[in-house]
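J.: Checked TrEMBL, it gives:
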BINDING   His80, Cys115, His118  Cu cation binding site
DOMAIN    22-127  domain 'EfeO-type cupredoxin-like'
TRANSMEM  13-34  transmembrane segment
Amino acid sequence: MLVISKPPSNNGVLLRFIIAWVAAVAWPAALFGAPARSAPAASERATHIVTIENMTFSPAILRVQPGDTVIFENHDLVPHTATAREKGKFDSGLIKAGESWSLTLPSAGSFPYSCSFHPTMSGELVVENAVPSKASPALRGK
Ligand SMILES: [Cu+2]
């Protein structure tokens, strides 16, 4: 006669496997922590993401350090731009649907920007300890 059900001893094997895994992987990770989570040194360059979704830059105001990289990701179905309001500072040009554009800001300052197709879409990059510009539409209503 054919017995289809698994022998009960399999459960014991599985349990021992889980205990071994916890001992080998999870416990050392808990001991040493995740190094990536620790605060980066001042000299390290960070990468930040600005998401473009539902005609909105998010976060609207992003604080970065000089030399950090900011990646604009367009999750909308229409193209957008990230264009500095101060002429010549930066301009992504067309960021097509599903595409991204990256920018490195070398110097401190506040850089309000908007989408050249949709002027109501606005955001601001604040580099180092600069104060967000009072003119920034991103600050309105907050
Ligand atoms: Cu746009």
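Including glycine, each Cβ sits where the backbone N, Cα and C put it.
Neighbours and distances for these, please.
T.: Over all protein chains present, the Cβ of His80 (Cu cation binding site) has 25 other Cβ atoms lying within 10 Å.
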J.: Near Cys115 (Cu cation binding site), how many other Cβ atoms are within 10 Å of its Cβ?
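T.: Around Cys115 (Cu cation binding site), other Cβ atoms within 10 Å: 23.
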J.: What is the total of other Cβ atoms whose distance to the Cβ of His118 (Cu cation binding site) is within 10 Å?
T.: 15
